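As written in Swiss-Prot, here are the features:
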BINDING   GLY12, PRO13, THR14, ALA15, SER16, GLY17, LYS18, THR19  ATP binding site
BINDING   THR14, ALA15, SER16, GLY17, LYS18, THR19  substrate binding site
REGION    37-40  region 'Interaction with substrate tRNA'
REGION    161-165  region 'Interaction with substrate tRNA'
REGION    244-249  region 'Interaction with substrate tRNA'
SITE      THR103  site 'Interaction with substrate tRNA'
SITE      ARG125  site 'Interaction with substrate tRNA'
Amino acid sequence: MSDTPQAILLMGPTASGKTGLALELARRFPVEIVSVDSALVYRDMDIGTAKPTAEEMAACPHHLIDVISPLQSYSAAQFHADANRLIADIQARGKLPLLVGGTMLYYKALLEGLSDLPQADAALRAELDADAALLGWPAMHARLAELDPATASRLNPNDSQRIHRALEVCLLSGKPMSELIAQGKEAAAGFRFLPLALVPRERGWLHARIAERFRIMLEQGFLDEVSRLRAKYPELTLNLPSMRCVGYRQAWEHQDGLYGHDEFVERGVAATRQLAKRQLTWTRSLDAIPVDAQRDGLAGLLGDAVDDFLAGRPPAESLRYAGDF
């Protein structure tokens, strides 16, 4: 196997069949699966996140599942560091990293790098706001052009939010924001990825799968799971990232009597559809190969693409889905 860090990325919207396809690939290749899902990191949240079953996880090693409490948070920066470490570790064991999930921000961090930008500073922000109120944003844009011409050249002189952030980064770090972003992309360029994105040929197909999966989760005891979470973690609130996972807020509010069971199901399914729509929007912005999730024999075609990737060949052009999604 190549010494260059390399991995297969299998992304796609919720309920598009990623887990099943990943397990099919695990039967053909010596893979270890790394979850790319901001919901699967939480312990005790199994049903509502459609976490792989114990049997599925026993089929091959899985990583980044059940790593934190629902009271904690997990950032894209943490994922980026963990994924880079795991890719290296898995490859050192002679295995192939297979990254699977639907958190597109995490994929963006892998494919485009994660820039080491400084955190916002309240005092500097207030100072820049005062300058802008006095001078106007075109003058602040001219100031940015002196410090970071590359960033200024792509911003409208009245784009206050982005000019503000670019100036803040320059003044806090002592470096142009464009330089810091380029460094992140340079680090990402040291990896070889085969980015495969499952997309639905028909939106109705995906919507039907979403509704069916929500029905199955209810049969499996999703509402009981939410009750157990609330009992086990008294500090849990709807403001925590874990409870922003699709379905959990709706279940919580249903249990609190805000609406009945039928409306809870409608809201849960609708929220999942909205998530899928956002995931597909993200997918269009990423440099990934769109693949028809409804295509017959898809597992074999993806396996052939992995064979080509490992041999240093480009995937067959026939794999790429040319339609709208």
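Note: Cβ is positioned from N, Cα and C throughout, glycine not excepted.
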(message) Within the same chain, where does the region 'Interaction with substrate tRNA' (244-249) have neighbours whose Cβ lies under 8 angstroms from its own Cβ atoms, ignoring anything closer than 6 residues to its ends? I mean 6 or more beyond.
(response) 14, 38-39, 42, 45, 48-49, 214, 217, 222, 226, 229, 238, 268, 271-272, 275
(message) As a test of the contact definition, list every same-chain residue at least 6 positions from SER16 (ATP binding site) whose Cβ is closer than 8 Å to its Cβ.
(response) GLY102, LEU198, VAL199, PRO200, LEU206, ARG209, ALA276, ALA293
(request) May I ask for the residues of the chain that lie six or more residues beyond the region 'Interaction with substrate tRNA' (161-165) and have a Cβ under 8 Å from a Cβ within it? (result) 125, 128-129, 132, 137, 140-141, 144, 152, 155, 177
(message) For the region 'Interaction with substrate tRNA' (37-40), give me same-chain residues lying six or more residues beyond its boundaries with a C-beta closer than 8 angstroms to one of its C-beta atoms, as numbers and ranges.
(response) 48-49, 51, 64-66, 74, 79, 101-103, 105-106, 241-242, 245-246
(request) Rank the binding-site residues PRO13, GLY17 by the number of other Cβ atoms within 10 Å of each Cβ and report the first-ranked residue. (result) PRO13
(request) Could you give me the DSSP helix, strand and coil counts for the region 'Interaction with substrate tRNA' (161-165)? (result) 5 helix, 0 strand, 0 coil
(request) Across the whole of the region 'Interaction with substrate tRNA' (161-165), what does the mean pLDDT come to? Round it, please. (result) 92
(request) Would you kindly give the Cα-Cα distance separating THR19 (ATP binding site) and ARG125 (site 'Interaction with substrate tRNA'), rounded to the nearest Å? (result) 44
